[in-house]
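Colleague: Annotations per TrEMBL:
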- 1-26: signal peptide (SIGNAL)
- 95-172: domain 'PA' (DOMAIN)
- 196-215: transmembrane segment (TRANSMEM)
- 258-281: transmembrane segment (TRANSMEM)
- 287-313: transmembrane segment (TRANSMEM)
- 334-352: transmembrane segment (TRANSMEM)
- 358-378: transmembrane segment (TRANSMEM)
- 385-403: transmembrane segment (TRANSMEM)
- 445-464: transmembrane segment (TRANSMEM)
- 476-498: transmembrane segment (TRANSMEM)
- 504-523: transmembrane segment (TRANSMEM)
Amino acid sequence: MPSSDPPRHRCSTALLFLLLLGFSFAAADDASWTEDSTLESPGCTNKFQMVKILNWVDGVESNDFLTGLTAQFGESLPSDAGQGVRSPVAFVRPLDSCSNLSSRLDGSIALSIRGNCAFTEKAKHAEAAGASALLVINDKEDLDEMGCMEKDTSLNVSIPVLMISKSSGDALNKSMVDNKSVELLLYAPSRPAVDLTAGLLLLMAVGTVVVASLWSDLTDPDQANESYSILAKIDLKLIFSQEFTGVGTRKDDPEKEILDISVTGAVFFIVTASIFLLLLFYFMSSWFVWVLTIFFCIGGMQGMHNIITAVLLRKWRHLGRRSVKLPLLGTMSWMSLLVNIFCLAFAVFWFVKRHTSYAWAGQDILGICLMITALQVVRLPNIKVATVLLCCAFVYDIFWVFISPLIFHESVMIVVAQGDSSSGESIPMLLRIPRFFDPWGGYDMIGFGDILFPGLLISFASRYDKIKKRVISSGYFLWLTIGYGVGLLLTYLGLYLMDGHGQPALLYIVPCTLGLAVILGLVRGELKELWNYGIEESESNTPEDTLPVA
């Protein structure tokens with residue numbers, strides 16, 4: 001790229017800021033419920049299932065469906081809407097169904113508030129009045145599991161029983177005013193055994209890391225080979241031109257600034273990320289999410305610009321020769337100007353349409369471009385720093401997903417990732433893809449941190465193999481990439497076994513990448529070299545080469 005284009009270091013601060021927001025977790029965006037302790041007994045052994053509730057008002061079907069959760073007892077619902085029966089709905093009297101009902105409900109679906117009596121008692125009263133099913137309206141938005149009491153030793157309820165949220169009950173009540181006719185159809189669609197979209201998300205994550213690690217070879221192989229040849233022969237000091245006491249900077253060429261993370265910088269990075277996570281947890285609001293979304297757009301634009309210009313210049317180098325001088329922006333090539341306009345238009349379009357059903361595609365494109373660029377700018381110098389960073393991230397991920405509920409009564413990581421529920425705004429620092437084959441819809445998601453943290457290690461392995469001129473099978477890059485894929489597979493297995501509850505992905509990824517690197521280094525007798533790589537060269541440099549942590 002010609003020197004007339006804006007240097008990459010102008011976006012370094014934004015990239016570091018966005019790296020701090022690289023939340024590390026994997027989750028499925030599903031309807032959920034609160035798990036309570038339940039008692040299994042004869043007639044009370046049903047599995048809890050999510051239920052779709054289609055509704056008609058005066059014969060006109062609603063565009064939206066309601067959701068419910070079946071009880072541990074009662075009749076099972078069909079898995080297909082075509083097998084369900086459309087029935088009228090009516091409120092019971094008394095409203096809590098805790099005593100015999102005052103009127104018959106022959107063939108109707110009974111609607112009851114939660115009240116103070118046992119769920120099984122409600123079901124018995126509704127069934128005795130001839131109801132075809134019982135819907136219990138919860139007093140909150142969560143769906144609680146309805147189990148049996150110890151006295152229910154032999155329960156025989158032959159109608160479906162399910163719970164709906166308070167807002168769903170309010171919606172039905174609103175539809176039933178003025179004596180309007182309301183009909184419901186209940187069914188419990190089954191989820192596919194294998195979530196294919198999770199496989200697509202895995203390929204996106206692994207592909208991002210691989211492309212970022214091999215980016216210089218893909219975009220300018222001649223220059224990359226020359227640079228690695230020089231590094232291997234004469235001057236490793238150029239790589240590590242600062243003491244490892246902070247995040248240092250270096251330049252491989254006039255336009256490319258590299259930030260090498262140090263041990264202190266790695267710890268500082270995780271501590272800062274934790275503080276920022278807490279700030280988001282306590283002060284989450286729509287304007288806060290807006291600010292983060294704007295930062296995401298800026299970083300994504302810069303990443304997309306770098307990727308597009310690198311690809312164009314690889315094929316047509318003459319495109320960067322003609323330049324133009326602009327107010328405020330300075331001198332840049334015509335190609336860079338046109339690419340910037342395109343990237344700006346793309347980011348603005350996504351920002352305006354970010355709540356649409358197809359916005360996930362633009363979010364993923366911007367996110368992948370951002371991460372590829374980040375992995376070119378931020379680097380790990382050796383396995384020592386990688387161990388400190390990934391071990392701290394390992395603890396960080398587990399603490400904020402699994403342990404934080406014990407202190408804050410909620411999983412801080414998951415709450416922050418879900419964004420501001422009141423405005424519908426969510427933080428975009430994650431990749432997501434719709435669950436195309438799931439009747440319940442939703443998204444599979446993975447945080448940027450689950451790609452960036454292992455990506456830094458895999459990028460180091462790629463550079464090390466190149467400098468040492470290793471063939472792919474005897475190097476580290478291939479095996480760590482495979483280990484990363486295995487770690488992601490284990491993450492989604494954990495997600496499946498825990499019914500879609502968010503998982504700290506680094507719990508699985510770090511042992512499969514950093515652990516594998518350490519084992520390979522031990523077996524090959526290279527662990528000491530990997531651990532201290534570049535430190536000897538850096539010790540002869542002066543302290544003024546080091547920049548303070550940004």
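Numbers here mean position along the shown chain, with the first residue as 1.
Placement of Cβ uses the backbone N, Cα and C atoms for every residue, glycine included.
Where the annotation comes from TrEMBL, it is an automatic prediction and has not been curated.
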Colleague: Does the structure show the transmembrane segment (476-498) and the transmembrane segment (287-313) touching, where I'm treating 3 or more Cβ pairs under 8 angstroms (sequence separation 6 or more) as a contact?
Modeller: no
Colleague: Mean pLDDT across the domain 'PA' (95-172), rounded to an integer, is what?
Modeller: 88
Colleague: Near the transmembrane segment (504-523), which residues from the same chain, at least 6 beyond its ends, have a CB less than 8 A from one of its CBs?
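Modeller: Apart from its flanks, the transmembrane segment (504-523) reaches 24-26, 383, 386-387, 390-391, 393-394, 396-398, 400-402, 413, 446-447, 449-450, 453-454, 457-458, 461, 476, 479-480, 483-484, 486-488, 490-491, 494, 529-531.
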Colleague: Would you mind listing the long-range same-chain contacts of the transmembrane segment (196-215), meaning Cβ under 8 Å and 6+ residues beyond its ends?
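Modeller: Counting only partners 6 or more residues beyond its ends, the transmembrane segment (196-215) has Cβ contacts under 8 Å with 310, 364, 368, 371-372, 375-376, 431-438, 444-446, 450-451, 454-455, 458-459, 461-462, 477, 481, 484-485, 488-489, 492, 495.
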Colleague: Checking distant contacts: for the transmembrane segment (385-403), what same-chain residues at least six beyond its ends satisfy Cβ-Cβ under 8 A?
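Modeller: Distant contacts of the transmembrane segment (385-403): 24-25, 244, 261-263, 266-267, 269-270, 273-274, 277, 411-414, 449, 453-454, 456-457, 460, 502-507, 510, 513-514, 517-518.
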Colleague: Run through the domain 'PA' (95-172) and tell me, per DSSP, how many residues are helix, strand and coil.
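Modeller: In the domain 'PA' (95-172), the DSSP-based counts are 17 helix, 15 strand, 46 coil.
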